[in-house]
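Inspection log for the structure reproduced underneath, given as structure tokens.
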Amino acid sequence: MRFLDIRDTNFDAEFAAILARGEETGREVEQVVLDIIADVRARGDEALLEYTRRFDRLEADSVAALQVTEDEIEYAFAKVKDEEIAALKLAVERVARFHEKQKQETWLSTTEPDILLGQMVTPLERVGIYVPGGKASYPSSVIMNAVPARVAGVGEIVMVAPTPGGEINPHVLVAARLSGVDRIFRMGGAQAVAALAYGTATVPRVDKITGPGNIYVATAKKLVFGQVGIDMIAGPSEILVINDGSGTPAHIAADLLSQAEHDELASSILITTDRGFGEQVATEVERQLAQLSRETIARTSWETYGAVIVAGSLDEAIAFSNRIAPEHLELAVANPFEILPRIKNAGAIFLGHFTPEAAGDYLAGPNHTLPTGGTARFFSPLSVDDFVKKSSIVYFSAAGLNRLGRDIVSIAEMEGLEAHGRSVSIRLK
């Protein structure tokens, strides 16, 4: 863990190591992923089975045998506690309610005589959602990807999840059923992304792939983009907490560790105007680390990519936050609503001392699939918009074309596109 002062002349150099996390590994895996994609594209189910045996240690006679059955889903419901099912149902309901507000309708404008202009909103026909299965089980990822797709009106939702040993976590299966997933395959990695992108004899080709995964999954999504749509290239998770010396150090420490336990590349940063408060938080992190079941992962993350930064003012802290555009931003200050309008770049913003980032991870309502690695400067959280496409609608009557046609021809002539102009002038009276 680094204890830094933003006013030090060498601050940028010291902080650069945190910003660069994972860059070198991304370059190393690209050729491996390219080969896997090409193989699945060429050999389909056969290649998919081979990679599933090799990477997931899962034996199957056919890809069809990798599809989860109705009996398996019913068995999952029997294994999950009633209170856990109730919590997942509540999460689905709240996430659906939030995303309903994002829906856009087809519209037509008739403000001009003889001309209709508008936009048609159409759900995607089929999407694939990737649910990670590595160092933890993530039913919340199912909900956050499948529910907005269902709210958008997507025709079919196909889910893939890596399952070393062959059994998908029952909480994940329950979440999939509650969220409206149609088909589930026990497969993961770059090979699953390739199968969704190009289709095989058994796995249907989708229009878009969403959901987080490891570096191989992220690279595969990047490489199949264009063949299919993708949501974003998600990197390691991150949290930035802005603090003014108010609040409880133990709370801030717990929030920092909630990200550190994700994986070793996760980054947890506190920037505070109160050095003493920062020191208390650092001490509290060490105390809480020893109590975590995932201590090894969290400690590696905290010691390598964690930081406590002292700022001279909230102005400095806000400017720093806008510069790095964090995935999760907590405003753990006395008056969070006062500084909220000054936040320009963040995936999700959590206000006040009683809004831990974990509330947004699970059932507050907004999506937890967020831009990472500074991409919140230009990317947004996953939403209903990711599962629809929009078509422009244009209608001119003869009178409408006669009214605007000469100007259309004039612009076509400016560009030297004679046939464009003629396609209009030939219709003019």
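Placed from the backbone N, Cα and C atoms, the Cβ positions cover glycine too.
Of the listed candidates (His251, His328, His353), Swiss-Prot assigns His328 to the same substrate site as Ser237, Gln259, His262, Asp361, Glu415, His420. Distance from the CA of Glu327 (active site, proton acceptor) to the CA of Ser237 (substrate binding site) is 7 Å. For the recorded positions Glu327, Asp361, Glu415, counting C-beta atoms within 10 A of each C-beta gives the highest total at Glu327.
Our reading of the substrate binding annotation (Ser237, Gln259, His262, His328, Asp361, Glu415, His420) yields a largest Cα to Cα distance of 56 angstrom.
Burial estimate for the recorded positions (His262, His328): highest at His328, by number of other CB atoms within 10 Å.
Rounded to a whole value, the Cα-Cα separation of His262 (substrate binding site) and Asn214 (NAD(+) binding site) is 12 Å. Those same-chain residues not listed among Tyr130, Gln191, Asn214 yet with C-beta within 8 angstroms of the centroid of the NAD(+) site C-beta atoms are Pro132, Val160, Pro162, Gly188, Gly189, Ala190, Ala192, Val193, Gly213, Tyr216, Val217, Ala220.
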